[in-house]
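Only one structure is covered here, and it is reproduced in the block below.
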Amino acid sequence: YSFKEVFGTLVVQKELFDVVAKPLVEDLIRGKNGLLFTYGVTGSGKTHTMTGSPGDGGLLPRCLAMIFNSIGPFQAKRFVFKLDDKNGVEVQSEVEALLERQRREALPTPKTPAGKRQLDPEFADMIDVQDQGRAEEVDEDNVYGVFVSYIEIYNNYIYDLLEEAPFDSIKPKWNSCNTPVRNGDFVPPQSKILREDQNHNMYVTGCTEVEVKSTEEAFEVFWRAGQKKRRIANTQLNRESSRSHSVFIIKLAQAPLDADGDNVLQEKEQITLSQLSLVDLAGSERTNRTKAEGNRLREAGNINQSLMTLRTCIEVLRENQLYGTNKMVPYRDSKLTHLFKNYFDGEGKVRMIVCVNPKAEDYEESLQVMRFAEMTQEVEVARPVDRPLCGLTPGRRLRNQAFREELSRKLELRGGPVGAGPEEQSPAEQFFQSLPPLPSCELLDINDDQTLPKLIEALEQRHKMRQMLAEEFGKNVLAFKGMLQEFDSSVASKENYFQGKLAEKEKTITGQRTELERLEKKIKTLEYKIEILEKTATIYEEDKRNLQQELESKSQKLQRQASDKKRLEARLQGMVAETSLKWEKECERRVAAKQLEMQNKLWVKDEKLKQLKAIVTEPRAEKPERPSREREREKPLPRSVSPSPAPTTPVAPLHPQRFRSAGGEHWVGHRPSFPVSIPSAHSLLSFPVLLERALARCDRYLLTHQELASDGEIQTKLIK
């Protein structure tokens, strides 16, 4: 998680104050509001951060010390500023403030602790802050008044911790009969109500607000009157666990001095009231870890509910700012968020200190705390505050002080009182001191003729001096009137000029504000559109990456398929070539074998035709006889261009026979007279010579042929 600043475990309170709280104090003196609260799991050090320890004060005493160190010389007298019951402030005159002080001092018990009495050693070390610091921009022509109040939010009710009422026990006391004892003197504290003033700021009605004049007095109010009344309890996680949200409010009223630089300007519109709220939130906790029961369980539930409402308000504000929506923020669901509604709406600067305990048992709670704290950084609520224009010359206080010092110096030179001021000497006394002294007027003798003439002479001199002074005074009055008239005319002309300029500037500022608001709305709209476009671009980029990955996978797949296809084509080409070569060889072999077979068949047919021709051409008168083997061997036969025939096989003698078929056709057939055995399978028939006349008288011819088959049997063939 990332934050504006991260402090280690050994950080000192001063470093934390300089980074976090000092800018808020400076804004408070400039008239701006501020809110600082500590947030974290119970037992993580929120109260220690806010209050501190002996010798090392926390944020609260350091804020008070810086305020009084900055405005100390310019504080108004007590009761010059008076807070009303409607969250406003009024300015009283010096006489009214004096009467109010006398009335308060006449009371038997003062309402505010004395600032000069001995401090309680219990908290004296906490406000002994070294190097207190001072705000840079302090208007010396203003007077200031500081008011403090201290409240707590307990079980979603608001209680005033500075109220003069018994606060020790809310529960009634029980007697032996287990019934509550009625105590007429005991009045339980009443919860306070939140209201809205005319400027739409929330405030607690009837809350005690104490005017303080020093750091010691303010911290004494916090410690003695308020801190001891705050509700704490012992739980499993923290021995002194805060059971309520405490809010210490510092209000700073400031008003300009008049033109003379003596008194406060009696105009309510010129009063600026700013406040700094220091909030110590109760820690979020889980009841299964704290083992809370009864009241502790109810307190824990209310604490967690108020913190959950705070989270919800921050989330809705963040959503409205990021997306330009106008959802209603549920401030009224909790007194805590309702009280500080104005801060979240932009009436001041908000700072949050997240306290984290490195205990392993707090791991889950610490994650939730840091997640919420990181989200709150995206919410911007601060906006500028318009301060009222005074219109008086700056440096009035210093000029008045210099005038008093010069007047005292001149009176001292004339022999007047050294420490006399314009308030202690009237103009008449100064005039009488400037006249010559009177002689003694005592008459001791009736014949004394010197005392009265001397007195008359002195009186005449005084009368002449008085006339001269009156004439000079008249001349001075006339001259002064003329100067005043000239000054009034010049002031009127300058005032008209400045009013015209101011009206022009106001128009310009109004136009610029309108333009600024329009640009801010446009910026929010554009930011929202940019965010949508970024999300859309992210989605498109993701789709693009997915499609590119898919395209790459498919390209790789196609490449693999192409390479497989090439390998298969090469393999098929090889197989085709091999098969073609094989079949070419086989075809050549078969063609050669077929050619040989056909040649053999042709040769056989030629032999048969020769024999048939020989039979046909044999003379009819001659009786066919079988030629001898020797004659056949010796007698050459005519051949065609055919391969040599196989050796002949002896066959049985053939005898011609004539017969008629059922159709009336004449047949001539040759068949052997007896069966013979043929030793060879590859034999050729020896055809007997048929009589030419027998063939001339027949229509069909039949030759019966016998040879040895492959299975060893004699095969008989009929050739028609």
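Glycine is treated like the rest: Cβ placed from N, Cα and C.
Automatic, uncurated: that is what TrEMBL annotation is.
In TrEMBL this protein carries:
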- G40, V41, T42, G43, S44, G45, K46, T47: ATP binding site (BINDING)
- 502-578: coiled coil (COILED)
- 619-637: compositional bias 'Basic and acidic residues' (COMPBIAS)
- 1-379: domain 'Kinesin motor' (DOMAIN)
- 615-654: region 'Disordered' (REGION)
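Counting every protein chain shown, 24 other Cβ atoms lie within 10 Å of the Cβ of T42 (ATP binding site). Of all the binding-site residues given, namely G40, V41, G43, G45, T47, the one with the smallest number of surrounding CB atoms inside 10 A is G45. Neighbours of K46 (ATP binding site), defined as other CB atoms within 10 A of its CB across all chains, total 23.
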